[in-house]
Amino acid sequence: MSLRIPLPAGLSRSQSTQDLIKYSSADAIDGIARNPSHEDQKKVTASLPQNTVPKNPITMSTRFDTSYEPQLRQNLHISGLVPPVVESHDIQIKRCLRAIASKKTEIDKYIYLSHLRNSNFNLFYRLLIDNMREITPLVYTPVVGEACENWSHIFSEPEGMYLSWADRGHLSDIINNWPEKEVDITVVTDGSRILGLGDLGVGGIGISIGKLALYTACAGIHPTKTLPIVIDLGTDNERLLNDELYLGSKMKRLGEKEMMKFLDELMVALKTRWPSIIIQFEDFKNPFPSLAKYQNMYTCFNDDIQGTGAVILAGVINAVRETKIPPQDQRLVFLGAGSAGVGVARQIMEMFKKEGNLSEDEARKLFYLVDSKGLVTNDRGDKLAEHKIVFSRSDNNGQQYKTLDEVIDYVKPTILMGLSTIGGAFTEDIIKKMTNFSERPIIFPLSNPVSKSECTFVDAMKHTDEKVLFASGSPFPNYEGKNGKIYEAGQGNNMYVFPGIGMGAIVSQASLINQDMIYASAEYLASSLTPEEHADGLLYPRINRIREVSARVALGVVRAAERNHVARNPEINGMDDETLVEYIKQKMYDPSAVPTEATETEPDMWTWLTSKLSLPWSHSKL
Ligand SMILES: NC(=O)c1ccc[n+]([C@@H]2O[C@H](COP(=O)([O-])OP(=O)(O)OC[C@H]3O[C@@H](n4cnc5c(N)ncnc54)[C@H](O)[C@@H]3O)[C@@H](O)[C@H]2O)c1
Ligand SMILES: O=C(O)C[C@H](O)C(=O)O
Ligand SMILES: [Mg+2]
């Protein structure tokens, strides 16, 4: 069933990047929880351990859902507090979509959706899951970037934890203040490099919130078991320091030493309260030291180095196949040699070693990294950051290549990656040149948000005569080719893997997240495309299948955890793939699985806050 929502005057249909008017709620449902009648699935389900289907308790943030039957309303003591009609989520979603379409700006849509998540998360996640393609860009990249930039102006609810330098020495006590008893996963940022937008201080918490919303929507981690964190060690952003509304500490950002000291304490505090917690590091300006220090001590990973490495590896596996050029004959230029650039280069190098039967040295020589000073070489005259050294060239005969143009002429690459934060860096000239070196050039402008993308999908298609194999970090609209064919832009965004990595680690009760598990996430993602998606020339699965895909990614992660003896969940011992996937799906939160009776639940943050503050309504039956 599809529905056309009228747009308000002034908002053109094509202008809306998210095209909120076209959706198909029933078609978009992945079928995981809604299609339990399939005979094979029934058999598999019957063989699963009992009590694996999570109940969906009613919390303060889901109490006023108009889908509740009269008896449930009576049990909850909310009769009269909810409009009389009893209506399905599908009907409520129509109302939400109308409300979203009526908002004039994307940030207004973001604010509306945040409010919905905080007031009725079951409805929010039903809306998101059923309309992934349209809603994801509004709660995640790219609009979340604008939200982070303006966080101190649009702020109305904390939605996570803010931990400041002044709190050091007391982090355990402060972590104990989080009102939810169980937390499976946290996303921690220091706000120092939010997307390609730089230092946004405590505004970076928007990224933690956005990532965790996708953990719930894509991998079914229960929303109350997710914890967004920003650590506030100051900011070097003058605009924020001069803003009277800024919500963070008004001091210059502290250095690496203080950061590590703070993180040491935080890691212990998190692990003490929730011994099985998964910790995802996100958008740190220099994320290498923390990953190196904690990856063998805690169940943690860095999304920008490892998640991005895995998701782009998956796209490259599929794209390289299309080029028909074997790995040993590919040449790769990376614009950007930071955490994402080096993380991606490392993962692709692993694949080239395996698939091309190359030694480490042979594989490494296929990579040319370019940073703000030009081609990364041993004799460039500056002290290279440690993470770049492995890819630094020594075969440049003393010549330095300063611009991307010069590097392209020198290397003649078959693959061009953008992780530089420089919007428009892949000029018409550069894109056209790429067609001289390969019939199907691989061009991935991966910087976020859209304004930082190294080129657009339109430019890449036009200037390669529609031959490009393309993926971008942020979403781009479809392109209509010369013969009327519609091409879809691949979205090479770590959202295709981090939910599955987290879910795989939770399901296996992994003690660590190691390279084999990250690599497996890429392999399982690459092989998750349907024959139809392959035939349509896609490099990544369609986003409306993300729950199905995340379950497969999680399967790969669990299998790798088992191989590496870091899986600790005895329930999964001996399960075949089919049973294990079903087990994973059964663990997924389903926003429509509303219980028919009220259940006792832990208080949520609002209840907890009101009780702490002794507000008049704090002990009411609400
Ligand atoms: N698509 C994804 O899933 C994904 C994942 C992670 C990061 N990213 C994006 O990648 C970008 C970079 O992230 P990061 O964590 O690597 O940041 P970073 O700050 O660690 O690295 C940026 C790199 O770009 C280089 N650079 C800056 N200006 C340049 C110029 N004018 N010419 C050439 N190189 C230049 C820097 O020298 C540095 O090597 C961001 O926009 C981020 O949003 C995308
Ligand atoms: O947040 C995203 O959209 C991807 C990535 O983690 C980034 O830093 O850009
Ligand atoms: Mg990131």
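Easy rule for this one: first residue shown is 1, then count along the chain.
Cβ atoms here come from the backbone N, Cα and C positions, even for glycine.
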Site co-member for divalent metal cation according to TrEMBL, given E282, D283, out of D264, D304: D304
From N242, N396, N397, N493, the one annotated by TrEMBL with R193, N448 for (S)-malate: N493
In sequence order, those binding-site residues of R193, E282, D283, D304 whose CB lies under 6 Å from ligand 3: E282, D283, D304
From recorded positions R193, K211, N448, N493, the one whose Cα lies nearest D283 (divalent metal cation binding site): R193
Local Cβ density at N448 ((S)-malate binding site) - other Cβ atoms counted within 10 Å: 24
K211 (active site, proton acceptor): nearby binding-site residues from R193, E282, N448, Cα cut-off 10 Å: E282
Recorded positions near ligand 1 among R193, K211, E282, D283, D304, N448 (Cβ under 6 Å): R193, D304, N448
Sparsest-packed of the listed recorded positions (R193, K211) - C-beta count within 10 angstroms: R193
Inter-residue Cα distance where the pair is D304 (divalent metal cation binding site) and N493 ((S)-malate binding site), in Å: 10
Integer average pLDDT (0 to 100) for the domain 'Malic enzyme NAD-binding' (305-562): 98
Fewest other Cβ within 10 angstroms of its own Cβ, chosen from the binding-site residues E282, D304: D304
